[in-house]
Amino acid sequence: MDAWPRCLERLEAEFPPEDVHTWLKPLQAEDRGDSIVLYAPNAFIVDQVRERYLPRIRELLAYFAGNGEVALAVGSRPRAPEPAPAPVAATIAPQAAPIAPFAGNLDSHYTFANFVEGRSNQLGLAAAIQAAQKPGDRAHNPLLLYGSTGLGKTHLMFAAGNALRQAKPAAKVMYLRSEQFFSAMIRALQDKAMDQFKRQFQQIDALLIDDIQFFAGKDRTQEEFFHTFNALFDGRQQIILTCDRYPREVEGLEPRLKSRLAWGLSVAIDPPDFETRAAIVLAKARERGAEIPDDVAFLIAKKMRSNVRDLEGALNTLVARANFTGRSITVEFAQETLRDLLRAQQQAIGIPNIQKTVADYYGLQMKDLLSKRRTRSLARPRQVAMALAKELTEHSLPEIGDAFAGRDHTTVLHACRQIRTLMEADGKLREDWEKLIRKLSE
């Protein structure tokens, strides 16, 4: 079928070359008329495609082939019989390309049941559940989930959409990435089909858009989204959005759009703590049918601190090598397999780097951050830096104290507790913390 090569060409433009080469190019497509089957050489590739690429593949095949029903299977595409010579057909005038349809393309894999709850995401989980149970309620419409990449925002978005459709099977839930909204709008402008573009949003029950920070600087896109937002909000249709930061901090977003986004509920999704990271590793391992000892999960959770996606990447690497070599997964095997990955994590985040990042963020000189002065403008950033050192490195409290001009370990402990307590009530401090985590994880 010629739709799959066109789909693959689009995927090559959207995803890193190594991802396309590893997970997507091995796929073989078979058109069965009412569905399309993608064959993969092994179950591991099937799992990766289902988890990471299937929603986008469905959308592209629906556009290029008019068929978004996609199944994944292990094996090879059946050999087709030799076709009979085709008669010469009359020339058919080409038709204008249709606007890519916004058919429901939620990934059913992502549910509330398989979302691992922790202190960093429990408010976001509760808000997403409420949005699914009471769609359109002004208390959480729009629902905006913001935070660094790979923390579970899209999982919660999909879970809310899936829960909404489970409760109301006829519900029309539309999921888009922000660049898809932009591309479809540009295509509609080129084809003089803006009325058709706008009608797509009139009959839906919920609109889910990922990564709205990419609307920044695109004035016409923001104009269309602004009107779409107003129509959905007035019709009490649920809107769920994600962003990599608090929207008011996104330069290039129009003030009126920022104002609309603040109408409902905005919830930060923070990096997971150690316990949550360990639980995520164990949960993901169970999904893959892999036996991961607790001490291996603890090792990964201790070393991989930035986001859930990195945890999954480490787990995937571990499981793949175990499958290829036939070896059991032990702490020693994990340390050997993940050696370079773990070393890179440790080198990326150290106490000196944390101190410099915090000093730059708050506009301080390093000597002032490390000084004995206790003015509030210095004490709070210093406490933040100590708490980050405790959160992101393996250094002990005494070692952290030594790095901060020889302070006692009890001072470090107090700083960690103080910052954790303050973040529960101080939204600005929580945002500072999240930004610093993001900077240190880049």
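Keep in mind that glycine also has a Cβ here, set from the backbone N, Cα and C atoms.
Here Swiss-Prot flags G150, G152, K153, T154 as ATP binding site, drawing on sequence analysis. Cβ neighbour count for G152 (ATP binding site): 27 (other Cβ atoms within 10 Å of its Cβ, all protein chains included).
Look at Swiss-Prot and you will find 1-75 tagged as region 'Domain I, interacts with DnaA modulators', backed by sequence analysis.
Per Swiss-Prot, the feature region 'Domain II' maps to 75-104.
Summed and averaged per residue, pLDDT over the region 'Domain III, AAA+ region' (105-322) gives 89. The region 'Domain III, AAA+ region' annotation in Swiss-Prot covers 105-322.
The annotation region 'Domain IV, binds dsDNA' is assigned in Swiss-Prot to 323-442.
Over all protein chains present, the Cβ of K153 (ATP binding site) has 26 other Cβ atoms lying within 10 Å. Sequence-ordered, the extra residues of this chain that approach the ATP site, with Cβ no more than 8 Å from the Cβ center of G150, G152, K153, T154, are L145, G147, T149, L151, H155, L156, T242, I269, V308, R309. Counting Cβ atoms from all protein chains shown, G150 (ATP binding site) has 17 others lying within 10 Å of its own Cβ. All protein chains considered, the CB of T154 (ATP binding site) has 20 other CB atoms within 10 Å.
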